[in-house]
Amino acid sequence: VYIDGVWGVAGVWKHSKSEGHDDYGLLVSEKARKYAIVNELNEPVSLKDGSTVLQFETRFQNGLECGGAYLKYLRPQEAGWKAKLFDNESPYSIMFGPDKCGATNKVHFILKHKNPKSGEYVEHHLKYPPSVPSDKLTHVYTAILKPDNEVRILIDGEEKKKANFLSADDFEPPLIPAKTIPDPDDKKPEDWDERAKIPDPNAVKPDDWDEDAPMEIEDEEAVKPEGWLDDEPEEIDDPEATKPEDWDDEEDGEWEAPKIDNPKCETAPGCGEWKRPMKMNPAYKGKWSAPLIDNPNYKGIWKPQEIPNPDYFELDKPDFEPIAAVGIEIWTMQDGILFDNILIAKNDKVAESYRETTWKPKFEVEKEKQKAEDESTDSDGLSGVQKKVFDVLYKVADIPFLSEYKLQILDLIEKAEKQPNITIGVIVSILVIILTVLFRLLFGGKKQPKVEKNPEVAETSNNQSTSGEKAEEEEEEEEEKEGTAAPPRRRRRDT
């Protein structure tokens, strides 16, 4: 089933050649626009009979910093619905495809499923979806829905994710609700004690406990280094500085030469007044507090009792709605997004054949051209190496046990893409996260990984999120670095 027709909302769609090819596609031609286009199928495609393959190609010809390129597979609409009414509220069965902006970097797979108890449609999002390839090449995205409730996500024919529609580990929220839920009417008793440890009420501060003893004291054993220049200041007036000709003493005040480091101090152990260094006070104990003991009244962390979930239902297979139309409805900050070869098939061999005959030849040409450009940009091939490094880092971000920190890792990768000179610092930061998570898994620690920020890593700001559904909109707050200005020195004008 091919999708034809060009109809746009706000942004202008163009029937345009893919750069470097004679092959045409549907092009997002303007930045910062809303785009919508839809094509109704001659007859709805059932998702309940056998396998179904959803596949399409997309290319970010200008790279991708903030934009979505996903498709919506619409279920049958209400009577009287027309294509010109297509918008972000039009009900769909499946939403599938890449989306990258700010902290968002994922290949969406969202199923809208009708709850048989309530009759309401609920969005079920694939957990831990794969990341979007970070280049300007044509990529083909494939979703294979199998009759055994399995869904496979492929990028360029390579499986990136396998999930089960009925597994609570694979979709959020799960298609099948929990059998029990916390009783909303159950309240914690007023005398419920959740403190596992309490201060020992019988403990008494020792008589020799000095709370006023300082933490540090002067090291009485320290000796001033030989050669210390007591009478030399650490800074001196710059002897080469001269008063500017246009300096006005009445208007600008008395001119003073700028300061420089005293060259005499460079070879000496130190300059200026020598003071004994501080050391830890062996008598320091700090403020006394009673030691903790087991709380005899401890009852554990209170939880409401579980009751049967009135919305629970059993399900052997998802109740898929048929696909009656295919549409693109996105808000993007970028132009140059090209869609091509949108396919719905009942046999994954058909989709594989299209990948081999329509996508792969284009991809190989683009890859060779990109390789030549990388080599010409950087004779030692550093640019190409960095791209491979970024590809590996994006795969690292997809590792399930790092899912809690995926957004943090993706943010670091994006900074490195914008500033390649900080790539090593970013890799070190990601390794800190990985090692800390592994430590927690092995030893049961509860501390959150603290990422050491490389001083060269610049803070990103004004990140925007772009997703067709309100449930997928993610906001990233602008971060600001706060610095403390150094106290002003004597007024002068540097030459």
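Each residue, glycine too, has its Cβ placed from N, Cα and C.
The disulfide bond feature in TrEMBL is assigned to C66-C101. Counted within 10 Å of its Cβ, the other Cβ atoms near C101 (disulfide bond) come to 22, all protein chains included.
Residues or ranges marked as region 'Disordered' by TrEMBL: 165-263 (among others).
Marked as compositional bias 'Basic and acidic residues' by TrEMBL: 182-198.
Sequence annotations record features per position, and here TrEMBL assigns compositional bias 'Acidic residues' to 208-221 (among others).
What TrEMBL lists as compositional bias 'Acidic residues' is 228-239 (among others). Taking Cβ pairs closer than 8 Å, the compositional bias 'Acidic residues' (228-239) reaches residues 256-262, 264-265, 268-274 in its own chain, all 6 or more past its ends.
The feature compositional bias 'Acidic residues' is assigned by TrEMBL to 246-255 (among others).
Per TrEMBL, the feature transmembrane segment maps to 422-443.
Annotated region 'Disordered' per TrEMBL: 450-495 (among others), in sequence order.
Among the features that TrEMBL reports, compositional bias 'Acidic residues' is placed at 471-481 (among others).
Just so you know, the Cβ of C66 (disulfide bond) picks up 20 other Cβ atoms within 10 Å once every protein chain is counted.
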